[in-house]
Amino acid sequence: MRYLTAGESHGPGLTTIIEGLPAGMPLLAEDVNKELKRRQGGHGRGARMRIEKDQVQITAGIRHGKTLGAPVAMFVENKDWKHWETVMSIEPVPEKNEKSRRVSRPRPGHADLVGGMKYGHNDMRNVLERSSARETTVRVAAGAVAKKLLHELGIEVAGHVLEIGGTRANLTRDYAVREIQETSEASPVRCLDGVAAEEMMQKIDDAKKNGDTIGGIVEVVVGGVPAGLGSYVQWDKKLDAKIARAIVSINAFKGAEFGVGFEAARKPGSEVMDEILWSKEDGYTRRTNNLGGFEGGMTNGMPIVVRGVMKPIPTLYKPLQSVDIDSKETFNASVERSDSCAVPAASVVAEAVVAWEVAVAVLEKFDGDRFDTLKKHVEEHRNLTKEF
C-alpha cells in the first residue's frame, strides 16, 4: 500500500491517491473528516484555521461505503484559494501579477533558500507553497484511512502532547489507548496532565505576544498490535525504522525515539530489557515495555510507543536576519501567516503517519486483496502466536 500527495498551500486544494487497499473495507467520508477536524484544533493555531474548514471529497475507489480494491482518491479544498487565484494561477499571468507576493527573502529554518537553489526558483513562493505544513492535511486523510483499517482489525492508535516549550506532562503511570484518546481530546493542547496543560497554554500565549514560536514533544501509542509485524532479515524491513522515518518526515520534526528512548543509553541492560512472561489467557507478554513494543525491528505484541520532537515553527512575526537573493543585502526574513505553536495539531499528524506504517506492515504480512480474508488471517495469526 502506498500513497502520493499533491497540491500547494494556497492552490485550489490538496489531493491524495491511495493504492493497495483491500476490497470490502468499510469507509465513509466522516471517517476522514473527523480526523481533519482534529488536525485543525489545538491552542496556538493561527488565523488560517478560521478560514479553512476541511472536508474531504472522495472521488474514486469507494462504492456504497466500501472500498473496491481500486485506488482511492481524496480531495480537500483550500477555502482561501479565492484570495490567491491570480498569485497561484496555473495559467500564465501578466508580469506585474506574476511578481505579486513574490518571496525573495528566505526564512531561516525553512525550505525556502535550499529549495530555491535546488530547483532554480527565483521566487521562493514556488518552494514554500509545497513545503508548507498545509500538505499534512492530506497525510492526515491518508492516515485516517489507515486508522479505519486498523480499527476494524482491533488495533487502536492514540496520540498526545508530552511537552511544549519546556513544560512536560507529569505522567506517573501508563495510560491505555482509549484513555489517551478521551483525555487528550478534552485538552486544548492534547495533554494528559491538566496542570501542565495550563502552563503550556500560557507559554504559547507568551510566544505569540513576543512574535515567537515554540516546539515540543508528542507521543503516539498503538494498542492491539499483533506480534511479528516488520522483519529482522533486512535493514529496510524493520518496522520501527519505517516509523522513525515517518515521524521525522513530518514538517519541523527533528527526531524520534521508542519506549524509554535515549534514556536507554544511561541505564544498564538489566533495567532496559523487557522480561518475557507467559499465561494461558494472554500468551506471551512483557513485564515492562521499555523497548516500546519492538524487538529486532518487529512488533512483540506490546503497545507501540513512539515519540517525536518538533522544533519551533520557523516563520516568526519578529523575523530573523536573512539575505535578499536579488540584492544579496541583509534584510529581515519574509513573514507568512503561521501558527505560534502547532504541537497539538502535530500529534494528530504523528498518529496518522504511524497508523499508515502499521497498516502497511499488516498488509505486507497478510493477504491484502479482500478485507474479509485479511481479518481472518490476522485473527489466525493472533491465535498461532499465542499458542507458540
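Cβ coordinates come from backbone N, Cα and C, glycine included.
The record from Swiss-Prot ties Arg130, Ser131, Ser132, Asn251, Ala252, Gly296, Lys311, Pro312, Ile313, Pro314, Thr315 to FMN, and of the options Arg101, Arg102, Arg105, Arg337 it ties Arg337 to that site too. With a 10 A radius on its CB, Arg39 (NADP(+) binding site) counts 27 other CB atoms from all the protein chains. Thr315 (FMN binding site) sits 19 Å from Arg39 (NADP(+) binding site), taking the Cα positions as reference. Between the listed binding-site residues, namely Arg130, Lys311, the fewest other CB atoms within 10 angstroms of a CB are found at Lys311. Counting every protein chain shown, the Cβ of Ala252 (FMN binding site) has 19 other Cβ atoms within 10 Å. Comparing C-alpha positions, Arg39 (NADP(+) binding site) sits nearest to Ser132 among the binding-site residues Arg130, Ser132, Lys311.
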